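*Asks:* Got a structure here, written out as structure tokens. Questions coming.
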Amino acid sequence: MEVIHRLTSSQIRNGRKNFNIYQTLNGASFPLINGSIITLFAIQLGADSTFIGLISSFNYIAFIFVYFGRILEPRIGVVPLFFSAWFIRNLFMIPLPFIPILLLWNQHELALTLILVSSVGFNIARGPGIGANNAVVSALTTPKNQASYLSLTFMLNFGAMIFATILIGLVLRFSSSNISYALLIFLGIILGFLSTYYLWVLPRTPKTTAPQPFLKFLQSIFGRSAFRIFALVFFLISFVTAATRPFIVVFMRDVYHQNDSNAILFTVAGFVGAFLMSAFSKTLVQTVGAKTLFIFFTALSTISLIPAVISPNLEGIYLVIFLVLFNFIAVFGLQGIESTGQTYLFGIIKRNETMDAFILFFIIFGLGGALGSFAGGYFLNFLQTQIPSIRMSFQIFFIIALVLMIALLILMASLKNTNKTSVRVGLSVLINPRDIQSISLANRLGAATPSEIGPLLEQISRLESDAATEIIVENLSSPKLDIRRKALATLENISGSEQPPELIRALLQQLRNHTFTTAHVAARILGQHGVTQAIPSLRRAVATSDYRLKAEAITALARLKDSTSIFLIKRQIYQENNVYVIISSLHALQALLSVNDLYVLFWPLSWQKVDSIILNESILASSTLIGTLDLFYHRYLLFLDSPTDAYQEMTDLLQNTRGLSHADKQLLEQTIMYQTSQIAFMQYSALAIEGLTYIKSNSTLQSSFLRIAKNPILTRYAAMRFFITCNLILYKQNSKKHR
């Protein structure tokens, strides 16, 4: 039983519009004909905890009857099935507005029986249509936006529930008579019938062929360990949460003596929690994953039991705040479990299994919920008969539920992760407001206009959070250069140490296919984050005529410690005349070469005319390779500003250098003395390099220095003469420092 036929874009657009209206009307109708209003009405008629648990269990029995929808759907179609189930369930509620008439004849037991029968009929009738909801969602979405649209439908549903529940609370505050209950239920029935119209006008997909035998499907899906673990976890969670959820209203009424109106209004906080849960889930599910959210909401639901366990003695505004927060957190967690449980299931099944899988999902939910609800009511009734204190009976009740939920959290660790983000990383995102804001902004990119995308990316960049990386990556496929450029700039600023495969693939695609535009930025990011699989593409990029790409590719290869590329980079110094590429090559070689190749960094100086920028970069790169840059840099700045002062500084440096023999000092003094005479400098610097005891101990360095000092093309530059002399002295200081 599966909807696999794709609708047209127009059908999907109109279908979503009508389905959204249905969700709103149905959301407004549901709290008026089910849930707390029925519970409070039954209590007013004299029902005990066992009866409350029994009628609450019918809400879960509905899910067991989902299976019959599987049988009916091939015969009548998904939309007619959905419409019929919802229409008939509303018919079953029609007798309830007439209960005040029975009470005029003092027929309280008959009234309770009518509530029982209507609840049974309502839930059995809606059962076959429940699975159709997900089939409709599946038909109106793609796998990519399925989770977010499902969250949107929850938001519409719970938003309407909030307004309907506020209405109930206001009416009951004015009058909590049986007639008030009857009128509210009557309004819910009217809204329910109206919502079915918008189901009827939904686009129809062709009827599916007869499904595979359900037993065969069960054998297939239970043959997968991922589903077996999920089924066990979800059944137990459904059992425990159903055992506690119906009695939140009873807890407020019996322990804190809240009247019907207050009890209903406090549940508004719960529906607000459910609404915010949907928005929260919609924002984060694609990024952090369904498993992470499933665990998070279960943990939150567990935490929500702690206030009930404590049950503090409060009154006034403090009691109001306590009950509002209690309802908010409890329902936020409980609805989150149900919502993310469905989203998680989408991730562990095949697309052609959607209907059957959700039938099974609802059967598990129904069995666990029905057993839990009835067991919870029976057990609470037992505690209340054995323990005189109502408060203590509820405390024991919630303590047992708390222990069971903690055990389930431990079991949930064995669930299969359906998202690339680990649970640990996902949970860290959930508790980081900056990450949540970043993801929220990134989710707006999909519907943003080109003029809006830039500012959104800039806001994300300022947050410096990498939580939204995978969403931003989608903008790298934009045909608009400005959008790609801003997306890359954002990724460069926010990307963390762990790069998702989608980002690496997108960056490699930019590197290979966007020469002269954004390829150079992609090369830089790949190098910054150590993506070694980019090395072949980066080597090819060095041969391009795009000088920015060439320079960034060279720098990236150096960051990646690709020694095989040394010859390729050396060749750029010989062949290139672009200053940016030459400087990038010098920087790269200083990271890849050894002191033995020091001479290579001065190749550009052999040209007839050399830019001063290249001269400075060659000298500073060489100082970096020797290991004296930190000591040399400011002295070189002094030389560029005032050579005379720099020579005096060098003389003072020599006098303050300890550990030099008299002969070594004499050799260095002569080298300083002849800084302004190239021929004399070449003679005395060579003598110094050959005679200095601490230089002779490093034959590689000595050979490199000699080769430079004896080259008249290099020593024609005063800066080179200063470099040689100053570094001969600094090398002694540096070697003592690291000895």
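Keep in mind that glycine also has a Cβ here, set from the backbone N, Cα and C atoms.
No curator has checked TrEMBL annotations; they are predicted automatically.
The structure displayed is predicted, hence computed values, not measured ones.
The domain 'Major facilitator superfamily (MFS) profile' annotation in TrEMBL covers 1-419. The transmembrane segment annotation in TrEMBL covers 21-43, 49-69, 81-104, 110-128, 149-172, 178-200, 221-243, 263-280, 292-310, 316-337, 358-380, 392-415.
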*Asks:* Most CB pairs under 8 Å with the transmembrane segment (49-69): which of 110-128, 221-243, 392-415?
*Replies:* 110-128
*Asks:* Given the cut-off of 8 Å on Cβ pairs that are 6 or more apart in sequence, determine whether the transmembrane segment (110-128) and the transmembrane segment (81-104) share at least 3 such pairs.
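*Replies:* In this chain the transmembrane segment (110-128) contacts the transmembrane segment (81-104) - 3 or more Cβ pairs sit under 8 Å.
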*Asks:* When only pairs 6 or more apart in sequence are counted, do the transmembrane segment (221-243) and the transmembrane segment (392-415) reach 3 or more Cβ pairs under 8 Å?
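*Replies:* These two stretches do touch.
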*Asks:* Tell me if the transmembrane segment (81-104) touches the transmembrane segment (178-200). I count contact as 3 or more CB pairs below 8 A, with pairs 6 or more residues apart.
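*Replies:* Yes, these stretches are in contact.
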*Asks:* What residues elsewhere in the chain lie close to the transmembrane segment (149-172), defined as a C-beta under 8 angstroms and at least 6 residues from its ends?
*Replies:* 16, 19-20, 23-32, 36-37, 40, 137, 140-141, 180-181, 183-184, 188, 259-262, 264-265, 267-268, 271-272, 274-275, 277-279, 281-282, 285, 335, 339, 342-343
*Asks:* Restricting to the same chain and to residues at least six past its boundaries, which positions have a Cβ under 8 Å from a Cβ of the transmembrane segment (81-104)?
*Replies:* 26, 33, 41, 45, 69, 72-73, 110-111, 114-115, 117-118, 121-123, 125-130, 132-133, 136, 178-179, 181-183, 185-186, 188-189, 192-193, 195-196, 199-200, 202
